[in-house]
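Student: Annotations for this protein, taken from TrEMBL, read as follows:
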COMPBIAS  1-12  compositional bias 'Polar residues'
REGION    1-33  region 'Disordered'
TRANSMEM  107-124  transmembrane segment
TRANSMEM  136-155  transmembrane segment
BINDING   LYS196, GLU197, ASP226  UDP-alpha-D-glucose binding site
ACT_SITE  ASP226  active site
BINDING   LYS368, ASP392  Mn(2+) binding site
ACT_SITE  ASP593  active site
TRANSMEM  632-652  transmembrane segment
TRANSMEM  672-691  transmembrane segment
TRANSMEM  703-727  transmembrane segment
TRANSMEM  739-760  transmembrane segment
TRANSMEM  781-802  transmembrane segment
TRANSMEM  822-840  transmembrane segment
TRANSMEM  852-872  transmembrane segment
Amino acid sequence: MAAALTTASHSRNGFHFSHSDSEEENIGYNQHQRQHNDNHHVFSLAGSVASEDFEGEKGFFSNAEKLKEREEKIDLVIKDQGEDGYLLAEARQPLWRKVSIPSSLINPYRIVIVLRLTILIFFFQYRISTPVHDAFALWLISVICEIWLALSWILDQLPKWFPITRETYLERLSIRFKEDLLAPIDVFVTTADPLKEPPITTANTVLSVLSVDYPAEKVSCYVSDDSASMLLFDTLSETAQFARIWVPFCNKYSIEPRAPEPYFSQKVDYLKDKVHPTFVKDRRAMKREYEEFKVRINVLVAKAQKKPEEGWVMQDGTPWPGNNTDDHPGMIQMCLGSAGALDKEGKELPRLVYISREKRPSYQHHRKAGAMNALARVSAVLSNAPFVLNLDCDQYINYSKAIREAMCFLMDPQHGKKVCYVQFPRRFDGIDCNDRYANHNTVFFDINMKGLDGIQGPVYVGTGCVFNRPALYGYKPPSEKKPKMSTHSWPSCCCCCSGDSHSAFDLEVMDEELEDFDEQGEPSFTSKKNFEKRFGQSPVFVASTLMEDGGLPKGTNARLLIKEAIHVISCGYEEKTEWGKEIGWLYGSVTEDILTGFNMHCRGWKSVYCMPKRAPFKGSAPINLSDRLHQVLKWALGSTEIFFSGYCPLWYGYSGKLKWLQRLAYTNAIVYPFTSIPLLVYCTIPAICLLTGKFIIPTLTTLASIWLMALFICMILTCILEIRWSGVSLEDWWRNEQFWVIGGVSAHLFAVFQGLLKVAGLNTNFTVREKSADDTALGQLYLFKWTTVLIPPTSLIILNMVGIVAGISDAINNGYDSWGPFFGKLFFSLWVIVHLYPFLKGLIGRQNRTPAIVVLWSILLAFVFSMIWVRIDVFLSKQTGPVLKQCGVEC
């Protein structure tokens, strides 16, 4: 463990800090741009061809001849410059392109949606105009539920109207931007409890970041420890040492993935396509090193299980500042990035920084959102990269070129400045092959997100997302017109920020402040006060917010930066500022991701959904039923909190910059938990119909039968066509439908009530989900943890099973004519049971180890309820007949 630890109370002499010369990088970038300008004559002709509209009487053939002549002239100019000319021509091509879904796939899908909407109108006209008088209450409740569910379907379906995919061109990125001209990036890794989030998992995530295929001097990894755990601190120290041999191994042999645990666990022929003669030897040696590394981490975990009475002590005898998790100073440790941070081959390693923000009992810390905002400020002071990658501690980089994929959008000269973030899909390891609880969320990531990408961009899902830093600071995207700039210069502390930098942003919040300069060209006290009110009282951080291309001011002192970094993670820094309100990750919901992305889109930003062929990031997911439902409960509660907040899409952000389909998507994202109420009622109605002998639909006429059949056919066609254009398998789609019902009648329902309790002033706390770190995670699939969330779906299963038994008994008792209505009721009841089948399977356990007591109780209950239904008069239909009177004659 490194002895150098910087806190608010003390600082070690062994602390070192190094930073890249951002001025030289910016100068190099400008030279690169001038080189392109010098060769602009090569492409101006091509640009005129692309932009010119061919009109006239000669028609298509005349236009084609003109185009051919101009192309020949371009080829002659390029050939004169030789190979460099071709490279420049390739560099001028777009870094990405939008690929629309073929019309042969998407147009039938749209037609069926419109047809289904039309049929729904006629269906509800029939339902409302033909009430069931002998079961009026059931009929009325069922119609209300059906209308609600139909509106929910519309909110979910319409945002899928314009789905698209995107292609990136990494070769063009490499040609246009050499390695030293790529933009720097800061990577945020957040942790909350190292005992529930295994340190070896965090270490693998960090190692995948440090070995990513990107210039080492451009990458800075910041790890947030919200529990101030010495275990994680020691783990990062060990990880930094292991990185010195792991990173060169990955770079030498182009290893994928670059997290050691999944790499050594993959069951593939690692000799395939490996022609280097020393690869086998190096791989075996590296695997031994990794096993020893895991042993060292496990030793640290074993020691952390029992905390000494006097608290933890570091190796140099100094008490650990974070012994009290809820009351400790801010801590920053540079694990990699100081002088001498080289790998075994003498090459530079990326920067690795341990951070634990200050915690005091009297302050609100806002969970993950507060930690992310602290990371944003620290990184702005220490490295200030223009882009930020956000990762959970269990979300490792599975594709080493993932950052380059994002840069194809963010560094695009035409559209990059308008992109607030690039969101990647989430993929998971360790899930059973049947994915019974829909952990992959394939429908959401492969259908819904593609649809949103065609509107204003995908929603932010909390991890695997690369941000444009100005979007985090509450700035608006660049306007079409270049804003008028002040002739005064910015103060010397912002010497890297020129007038050109400001022109890329619509800083309407700061327009007035920039005009308040004194005679020496320095900002006035009023200007500084307004900046402090917005960003906090840190002149270094305020200066960094105005640097479009990032980087640090020239001549900055490392010690002063560390002191300032400690200051910006103090508890009181955010007081009376706009942090968490309009700046950074927003507060007020446990799902800060939806809230933060929504606020950016309301300002006019656009986001991008990037789906490389290889999954860019992979992580862990809850395995057993109980953990999965609690995860869904957290998401639903966050949506409920947003609904009751001032950021609800129903009434927030009407500035004309949020597209209406995008608003529908966000509305669906925050109102879906309330669908649990009509869904629960609708799943109960079939059982009630079977038990009472009533039905919610009257005797069907020929026209009504047509509308009902047409509605079911459209539902099936919508499913088939959606699967066809998206590429999602039928099994994944069906698992999603099943878990929508399971989560709807359990977790979503509880989220609504907890949200109402929170509005009433009763807060609800969540614990961190335990995450497995090895292959034995699949053994937790059958682990059963009884919680109150499981009560509603269990009751529904029992109620519908009893209703089926009662319905069969009633049909047998009443004769042949009763079987027709019975099959109609049975269909809806079986619909409920089939959708809840994975839940039932989770209750029972292993297929070959069904407890005998469960089987016996099931048979006994079925027998008892059948006998009750047959023998008790209150359930039997009353039959009328002739009244027999005593005739007075002895018979």
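For all residues, glycine too, the Cβ spot is worked out from N, Cα and C.
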Student: For GLU197 (UDP-alpha-D-glucose binding site), which of the recorded positions LYS368, ASP392, ASP593 has the nearest Cα in space?
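Tutor: Closest recorded candidate to GLU197 (UDP-alpha-D-glucose binding site) by Cα: ASP392.
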Student: Give me the Cα-Cα distance between LYS368 (Mn(2+) binding site) and ASP226 (UDP-alpha-D-glucose binding site), rounded to a whole Å.
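Tutor: Per the Cα atoms, LYS368 (Mn(2+) binding site) and ASP226 (UDP-alpha-D-glucose binding site) stand 8 Å apart.
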Student: Taking contact to mean 3 or more CB pairs closer than 8 A (sequence separation of 6 or more), are the transmembrane segment (672-691) and the transmembrane segment (632-652) in contact?
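Tutor: Between the transmembrane segment (632-652) and the transmembrane segment (672-691), which are separate recorded stretches, there is contact, as judged by 3 or more close Cβ pairs.
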Student: Should anything in the same chain at least six residues away from the transmembrane segment (703-727) have a Cβ under 8 Å from its Cβ atoms, list it; otherwise answer none.
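Tutor: Residues 101-102, 105-106, 108-109, 112-113, 115-116, 119-120, 122-123, 126, 130, 157, 160, 163, 446-447, 450, 733.
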Student: If we count other C-beta atoms within 10 Å, could you say which of the binding-site residues LYS196, LYS368 has the fewest?
Tutor: LYS196
Student: Near the transmembrane segment (632-652), which same-chain residues lie under 8 Å Cβ to Cβ, leaving out any that are not at least 6 residues past its ends?
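Tutor: Apart from its flanks, the transmembrane segment (632-652) reaches 586, 588-592, 594-595, 598-599, 602, 663, 666-667, 669-674, 676, 743, 747-748, 750-752, 754-756, 758-759, 764, 766, 789.
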Student: By Cβ distance under 8 Å, which residues at least 6 away from the ends of the transmembrane segment (739-760) in the same chain are close to it?
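Tutor: For the transmembrane segment (739-760), the far contacts come to 437-438, 629-630, 632-633, 636-637, 639-641, 643-644, 672-677, 679-680, 683, 788-790, 792-793, 796, 832, 835-836, 838-839.
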Student: Taking a Cβ cut-off under 8 Å, which residues six or more beyond the ends of the transmembrane segment (136-155) line up next to it in the same chain?
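Tutor: For the transmembrane segment (136-155), the list is 117, 120, 124, 127-128, 664-665, 667-668, 671-672, 675, 678-679, 681-682, 685, 688-689, 694, 696.
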Student: Record lists LYS196, GLU197, ASP226 as binding UDP-alpha-D-glucose; longest Cα-Cα distance in Å?
Tutor: 13
Student: Based on Cα distances to ASP593 (active site), point out the closest of the binding-site residues LYS196, ASP226, ASP392.
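Tutor: The smallest Cα gap between ASP593 (active site) and any of the binding-site residues is with ASP392.
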Student: Would you kindly give the Cα-Cα distance separating LYS196 (UDP-alpha-D-glucose binding site) and ASP392 (Mn(2+) binding site), rounded to the nearest Å?
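Tutor: Answer for this pair: 13 Å between alpha carbons.
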